[in-house]
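What TrEMBL annotates here:
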type	residues	note
REGION	82-131	region 'Disordered'
COMPBIAS	95-108	compositional bias 'Low complexity'
COMPBIAS	120-131	compositional bias 'Low complexity'
DOMAIN	202-303	domain 'SRCR'
DISULFID	Cys228-Cys292	disulfide bond
DISULFID	Cys241-Cys302	disulfide bond
DISULFID	Cys272-Cys282	disulfide bond
DOMAIN	329-457	domain 'SRCR'
DISULFID	Cys421-Cys431	disulfide bond
DOMAIN	481-581	domain 'SRCR'
DISULFID	Cys506-Cys570	disulfide bond
DISULFID	Cys519-Cys580	disulfide bond
DISULFID	Cys550-Cys560	disulfide bond
DOMAIN	591-699	domain 'SRCR'
DISULFID	Cys667-Cys677	disulfide bond
Amino acid sequence: MQLSLFDIFNFNPDHDFTVLPGGIVFPFLARELKLKDPMSLSTNPSSSEKSPWLPQLCLLKEKPTLPRPGLPGLALSRTARLADGRPGGAPVHTGAPGAGPVASPGKAPTGGGRLADKSPQGAPRGPLALLGCGAGPAPTSGPSRNISGQTIVLPLGRCISPEGAPEVTMMWPPPVTFSLFLLLLLGQAPSSRPQSSGTKKLRLVGPANRPEEGRLEVLHQGQWGTVCDDDFALQEATVACRQLGFESALTWAHSAKYGQGEGPIWLDNVRCLGTEDTLDQCASNGWGVSDCRHSEDVGVVCHPQRQRGYHSEKVSNALGPQGQRLEEVRLKPILASAKRHSPVTEGAVEVRHEGHWRQVCDQGWTMNNSRVVCGMLGFPSQVPVNNHYYRKVWNLKMKDPKSRLNGLTKKNSFWIHRVDCLGTEPHLAKCQVQVAPGRGKLRPACPGGMHAVVSCVAGPHFRPQKSKPRRKESHVEELKVRLRSGAQVGEGRVEVLVNRQWGTVCDHRWNLISASVVCRQLGFGSAREALFGAQLGQGLGPIHLSEVRCRGYERTLSDCLALEGSQNGCQHANDAAVRCNIPDMGFQNQVRLAGGRNHEEGVVEVQVEVNGVPRWGTVCSDHWGLMEAMVTCRQLGLGYANFAIKDTWYWQGTPEAKEVVMSGVRCSGTELALQQCQRHGPVHCSHGPGRFSAGVACMNTAPDLVMNAQLVQETAYLEDRPLSMLYCAHEENCLSKSADLMDWPYGHRRLLRFSSQIYNLGRADFRPKAGRHSWIWHQCHRHYHSIEVFTHYDLLTLNGSKVAEGHKASFCLEDTNCPTGVQRRYACANFGEQGVAVGCWDTYRHDIDCQWVDITDVRPGDYIFQVVVNPTNDVAESDFSNNMLRCRCKYDGQRVWLHNCHTGDSYRPNAELSLEQEQRLRNNLI
C-alpha cells in the first residue's frame, strides 16, 4: 500500500490511541498499519502497493525538562541530539528507496538513538513523550522496524547521532495535527517556564486610591492567586508593571506588606531577564509549585505614568472569572407606574448569571448594594424603597397557587443567595457574591425572603421634562467639572474649573473609582472605562489636577485628594477621560439608517406616533444641517456626523417608510434624540418625500480645531497699508465696505494684523468638505480656496455690537508644523491635498493678505476682538465650543493692545460676563 505523511499524521480523532508497553503510539488507521509486536511497527503485508518514505516512529519513556531561558540546553523546536540507545538499532535512511544507510566519508552510518540533553548528565527526564523524525524507505515486502523505548526522533530540526555518526537534517515540515498533538504531550510536564494558553491577567490588590501599587496577583485556571517573594527583584517587578500598563517599576515589597492573599500561590522563584512582555514568560518553579506561605506574598510599586499604548482601565478588564458569570444587571418593574416610566428606575434586581437571569435575595441587602446596581444602570444615586408595600405584593403572589412565581422561588437556580458591596465597586461582580448557600444545594437559597427591590434616581439629562429643576442656573452653578470631545453622551475628556478657568486632569493614578466620582457628579452612573493618554483628544490651557485619589464616596471631584498638575510634569498628552454608564432610554430603537453602503450611512428613518400609532417615516431635509446629523449619529451610537445630506435620491430607503413624518427639525446639538429637537407640529415639507429626504454619514472619530490664543495676543499690531497694495485683498472682500468709496489707488487702510496658529487636537484629520474638483481658483492670489470662509475676524463693542469684520478663506490649509515623530501629510504646493493632520497645526503669518481686520472706520475705545474657526460648521468636529477665540482690545487711535486672549470655553460664562460688566462700569464712569 502507499502510505503518505499526510495519511500518518493527519489522523482521524475518532480512532483510538494504540498503547505499547511503556509508551503511547500515534493513532493510525487499522487497515493501513498493524501492530505485530508490542515493540514493532509494520505496514499491512497484504497490500501489494509500494510504500515510499515511511517516517520512523520512536518512543521515549521519559521527556527531558526544558532548560531555563538564557541557559544552554535543549531547544525542542529546533535541534535534538540522538545518543546511541540500543545495540543494533534500526538505521535512519536518507537515500533513495531501496538504498542502504547513508554515511558521510569517514563516519559510521546513522543509527537510532535516544534524545540527549546537552547538559553534562544528558539523561532524559520527565514523563513519556512521543516524537518522530527521519525517514527511511519501506521495502515492498513490508518489513517491521523495532522501536526502542529509549529512542526518539524529532519531526523538526536536526537529529544528532551518537559519536562518530553523521547529522541527519529534516527536509519536510511537521504536519499541523502532529504538532498540536506534540504540544499537548509537552504541556503535561512541569517546566521552568509556566506553560499557558494565553497571556495571564495580573492585578494589584492594595489601597483603592493607588492603582499603581499593591499585592501582585495572577489569574490562572479561573482563580486568582499570589506570587511568592523568593528571588523576586526589580526586574521581575518591571515586567509585571509593564504588563499592567505602567511605564516601569519603582520598587517591590516582600513579606506580604499589602496583606496576605487567599487561594493558591501560583508562582515561586520567578526569574526574569527584564525583556519579557508578560510575567508568565519568565522562569519559575511552574504553576502552583511553591513552598511559600501567604506571609511571603510579594507586592509591587509601579511608576504612576501609564504606557503610551495603554489606553484605558475597563470594568471588563478588572472583573476576572466572576465577572464572566455575572454579566448584566437589570430592574424588572413591578408597579404599573414603574412600567410606564422611561427609563425604568425602580424594580426587582435581576442578574444574568452564566447566561440565565436570576433574582437576588433581599436578605442582607443594603443601600451600598443598591448604589452599585444603580451606578451600573446609569443612575447617580439611589433612594430607599417601601419594603412594607413590596412585601405585601410578594405575600399575595406566594398565596396564589396559580402564580408562576410561587413555583420558581422554590428552585435555587432562581436565586442569587447573597450580595455584599462596599458601594464603590464599578460592577456587581466586584462585590462579595454568593450564588448558592454554603451548606449544599439542599438548603433553600432565600428562606423566608423575597427579591431585592431597588429605586434609583435619574440624572437631570434623563428626567422627564416636568421633573427638571426650575432654576437651571442653580444647577449649573454647582458643576465644576465637565466632559469635552466625547462622541456619546456621558463620555469625554475630563475638565475642571479652578479659579474661574477650565483645565484638564492628568491621568497619573487615574482609575475607575475616581472616574466614577466624575460620572456621578455629572448625573450619570458609575464609570465603565477610565481612559488615559488623551484618548478623547488633548485639551488646552492649564492642567489643574494630577494623581487624583478618590475613595468612591465623594460627591464631587474637588473632595478627592489630588496634586496640582504642574507638580509632576504632566503634559496634555496625559489628559484623562471617562466613559460613564448611562440609562437605557430606548432612543436607539426609534431611528435607523436605510439604503447606505454600510451601517454608518443612509436615509434617516424615524419612528413617531401618528394619531397614537407608532409609524416609521423619513425626515424632511429643509433646514437639515450638521447639528441635526450629529444628534442622529449620537442617537444611533455611531459617533459623530461626517456629512449632513439633503439629497438622497441614490439611497433606496425602506418601502414602508417613504412618508415624511418629521419636518422643520432644529437641534442645538446637545439633545439625546431627534425626537427631543424642535420641529413642526403638522408636517410641512416644501418638496415632499422622495429624493430630498434627510440622510447622514457617521464616523467614529472627528477633528477638533483650536486657536493658539497666546500667539494672537503676542503678534497683534497696526499697519497703514496703501491701497495700491490691496487690489487682490479688495477683490476677495477682505476690506470694509467704505473701501469701495475711496479714490483708488490713493490713500491707505488701517489694518489690525496678527498671526494665527490653528491646532488639530482631535482624533481625525481636518479635511475640506469639498473635493479638489470643486475648489475655486483665485487668479489674483493664484491659489485655490478649498473652503471659502474658513475663519471670521470681528471687532465687537462690549455690548456685542459688531464694528468691524474680516474673513479668511482656506487658500492654503496645510500642516505647517507637526510635533516630533508625526509626519506632515498635507501641503498646498503643486495642487496638493489640503487639510490639518492630527496633532499638527496650520500657521497663517501676520504678513499675508487678509490676515487682518480693517479698522479704518473704528473710533478709539475698548473692544472685544473675536476669531471663529469653521464658523458655519461646514466640517464636522468633536467639539465646536472651543472654535471661538476672544481677546480684550484697547485702541487709542494710534496703537492697539490685545490682552486676556482665550478660547470661548476657557472661562465660566458668568465669570467672563462679570469681567465685561466691570469694564462697562469703568467706561460709563469715564
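Keep in mind that glycine also has a Cβ here, set from the backbone N, Cα and C atoms.
Note: TrEMBL annotation is automatic and uncurated.
Taking Cys519, Cys570, Cys667 as the disulfide-bonded residues under consideration, the smallest Cα distance to Cys228 (disulfide bond) is found for Cys570. Counting residues per DSSP class in helix, strand and coil order gives 17 helix, 40 strand, 52 coil for the domain 'SRCR' (591-699). Working note on the disulfide-bonded residues Cys228, Cys241, Cys282, Cys667: by count of other C-beta atoms within 10 Å of each C-beta, Cys241 ranks first.
Across the structure, Cys550 (disulfide bond) and Cys272 (disulfide bond) are spaced 34 Å apart at their Cα atoms. Cys241 (disulfide bond) is 13 Å away from Cys272 (disulfide bond) when you measure Cα to Cα.
In this structure the alpha carbons, written CA, of Cys421 (disulfide bond) and Cys241 (disulfide bond) are 28 Å apart. Least crowded of the disulfide-bonded residues (Cys421, Cys519), judged by neighbouring Cβ atoms within 10 Å of its own Cβ: Cys421. Looking only at Cα atoms, Cys519 (disulfide bond) sits nearest to Cys560 among the disulfide-bonded residues Cys292, Cys302, Cys506, Cys560. Regional average pLDDT for the domain 'SRCR' (481-581) in the model is 90. Its Cβ placed at the centre, Cys560 (disulfide bond) has 18 other Cβ atoms within 10 Å. Here the CA atom of Cys302 (disulfide bond) lies 27 Å from the CA atom of Cys580 (disulfide bond).
Each residue in the domain 'SRCR' (481-581) gets a DSSP state, and the totals come to 19 helix, 39 strand, 43 coil. Geometry remark: Cys292 (disulfide bond) versus Cys282 (disulfide bond), CA distance 19 Å.
Less than 8 angstroms from the CB of Cys431 (disulfide bond) sit Asn369, Val372, Val419, Asp420, Cys421, Leu422, Glu425, each of them six or more residues away in the same chain. Note: the CA-CA distance between Cys282 (disulfide bond) and Cys241 (disulfide bond) rounds to 14 Å. Neighbour counts were taken as the number of other C-beta atoms within 10 angstroms of each residue's C-beta; across the disulfide-bonded residues Cys272, Cys292, Cys550, Cys570, the minimum falls on Cys292. For Cys302 (disulfide bond), the number of other Cβ atoms no farther than 10 Å from its own Cβ, over all displayed protein chains, is 26. Among the listed disulfide-bonded residues, namely Cys580, Cys677, the Cβ with the most fellow Cβ atoms inside 10 Å is that of Cys580. Reported as a whole number, the C-alpha separation between Cys667 (disulfide bond) and Cys302 (disulfide bond) equals 47 Å.
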